[in-house]
Amino acid sequence: MKGVDAAIFTLQNNCGNTVWPGIQGREGKAPLMNGGLRLRRGETMNISAPEGWSGRFWGRGLCSFDQSGRGTCITRDCGVKLQCSGAGGAPPAMLAEFTLDSPVDYYDVSLVDGYNMPVSIIPLGVSSSLANREGRKELD
């Protein structure tokens, strides 16, 4: 059904400080939330993604932005702005990557760009017993 969201991503900051998630759509896919937002410690935000969306999320840390959204981040900066607007961030950064291809969606946590802060993916509302298994492993 056109116009229906394929997924809702719930971003939750379990870190001890504010995190600024960056979001980049894959080629031809718009970034969600114009590519960036702020999550204070303990804060949660739901983000809707359209059917067929593919992209990645990463955490930016130690950021400082002015009222207009201009500033920088020490880790995984994507330019001088709060909203990355389609730009990727500078390594190192741990990535959460998604491809929403109905009926099968794909996701992974990647260290291809290095490591800057912990990331986890917990699928909800899926019927596969494999998706609900505890799959935690330290990624050193």
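Placement of Cβ uses the backbone N, Cα and C atoms for every residue, glycine included.
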According to TrEMBL, the disulfide-paired cysteine of Cys73 among Cys63, Cys78: Cys63
Bond partner of Cys78 - disulfide, per TrEMBL - picked from Cys15, Cys84: Cys84
Fewest other C-beta atoms within 10 angstroms, as judged across Cys63, Cys73, Cys78, Cys84, which are the disulfide-bonded residues: Cys63
Where Cys73 (disulfide bond) falls in three-state DSSP terms: strand
